[in-house]
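Here's the structure we're looking at; comments come further down.
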């Protein structure tokens, strides 16, 4: 009995492993088991302890049973997203003590049970978003997840967050809540989490925003809010809260602001003394910049040092006010980015108050030379070190350089992707300039307009044919995507340590171009280093491929089959039967040359000397000399009422008969008619017929055929039957 029991267990395990291999072939002998998008309705049987990653995403699984994952005790990652899971047995994950990632997102879970996660002591990443639960229950589903570092939850139906829902979680690197329809938030619900590095919340209910911010002042470092319509908040955001606060960065994405909400938000955010960075991406501002500058000024100094605004939409942006009265709020600002937002100028009066600004990024805007003179006026941006004006509407390099010369501390300047087109011989630049980016500016050459004190110069993607400037301090030079035919000389740039010359027209390097200088690292592709060799290798490879194709074509008679297929296609366009007046044979006879003695001396004599006589078409006698063999076969079949195959071992082994049978196979069997007569000269198995003639083998298995007998009495019956078949 023990032996029988062991045998039954082994047999069951083997059958489960075979079932797993059938359901998910990639699971065979692998720690990574990818069963995604294979149409599974359930978790496959046969999962073993060797599997560490199991991907069951994008299937049709509806239920997770207790025994489904019982043996997969070493799982580290379990991916079940995008199924139809609506129920999970309470102890389904009980054996997964080593699990670190669990993804149940985009399913149909109507509730979240704390029992599911009770034994997942190693879990670090949990994804529950995109289900149909409305809340997280009365208590915390996550109380046993002490090692959790990222949590993603919520859905369009998620509407309530209660106190205690996050008990047990102390530290999170990332918390992501889809609360687009969140309507109720109990104050203090998020306070139980002591530290959150980055929190993202999709929030449309503006009344909840301030309550959440108050709960997060001491825990979140970076708060990101999406889709909110910012409210006009009256109460303080830090009421009854003690310093120090932890929140340092606040991001709004796809948010909606008005002049009134902006004014009030600036005042309230000043109270959060730890806040250093504000960011607005893809937001909409409905207003003209008519902010309550008196209230803003009287509320004190802002602690924000970095402001980033990307793709803000302001209807009638050209009517936007010049923000007069905001000067006192920008003194401490150190980094400012306003990109892809239709900025066309900054008033000089305002620009002069950016006294601490070190970094200014205005890329992808509408700045033109006429307005640049106002934007960078005398005394503006006094501390600025880095300026990005790329992708604007600047057209005059000399004027642009003159404007930037008013910036006494400027070190880095990016004016790439402006259409300058021309470059003067002399330009006035800031004396402190070290980095200049002139890539993609349509300049045809480089002149002494380029400042000599540069350490980094980028003139990539222009139409330069040579580079001969003397830049004694230059350390990095970028000349990619130009028309250079020779390297720049080494003498004018003696301190160069990095040179990029990719995608030019360089054919060779000379020793004089380097003049003995040691090259630390050269990054050139094989094509750039050995162009002639690479071209030669490509030609040789192409020749070898052609040669190989010719050899394969010769060996497998590709030309023959191509010609025969063409003939068949032409034949298919013809009528399937020739007109009765053109039918001049009772049968076309297909046979092997080795069987010609029986065919020509026995069968032909018997049939053509019968009364009445039969007219047979034989290739030896009736084919037209000089005509292509396939055309002869086509014409003979069309002019014959029947086609008679004399089958033997010689027939199926003969190359000639194979070709003839090929065309007969196409022409006759595709027409699905009964014009075929099979005569077996000797016993032959249907398997001996080439596999590609499956219809012929099928006919031999389903249709009566005539077999040549050994006895004379039976031969007489054979002839009578054959004559009857020819007459039918």
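Cβ from N, Cα, C; glycine included.
Model, not experiment: these values are computed from the prediction.
Copied from TrEMBL, the annotated features are:
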type     : residues : note
DISULFID : 27-33    : disulfide bond
DISULFID : 348-377  : disulfide bond
DISULFID : 427-449  : disulfide bond
DOMAIN   : 583-726  : domain 'TIR'
SIGNAL   : 1-19     : signal peptide
TRANSMEM : 533-554  : transmembrane segment
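What TrEMBL annotates, mapped onto the structure for a quick look.
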| residue | record | Cβ contacts under 8 Å, 6 or more apart |
| --- | --- | --- |
| 33 | disulfide bond | 24, 26, 27, 47, 51, 53, 54, 55 |
| 348 | disulfide bond | 374, 375, 377, 380 |
| 427 | disulfide bond | 397, 398, 401, 402, 449, 450, 451 |
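Note on the disulfide-bonded residues 27, 449: the fewest other CB atoms within 10 A surround the CB of 449.
Residue density at residue 377 (disulfide bond): 17 other Cβ atoms are found within 10 A of its Cβ, drawing on all protein chains shown.
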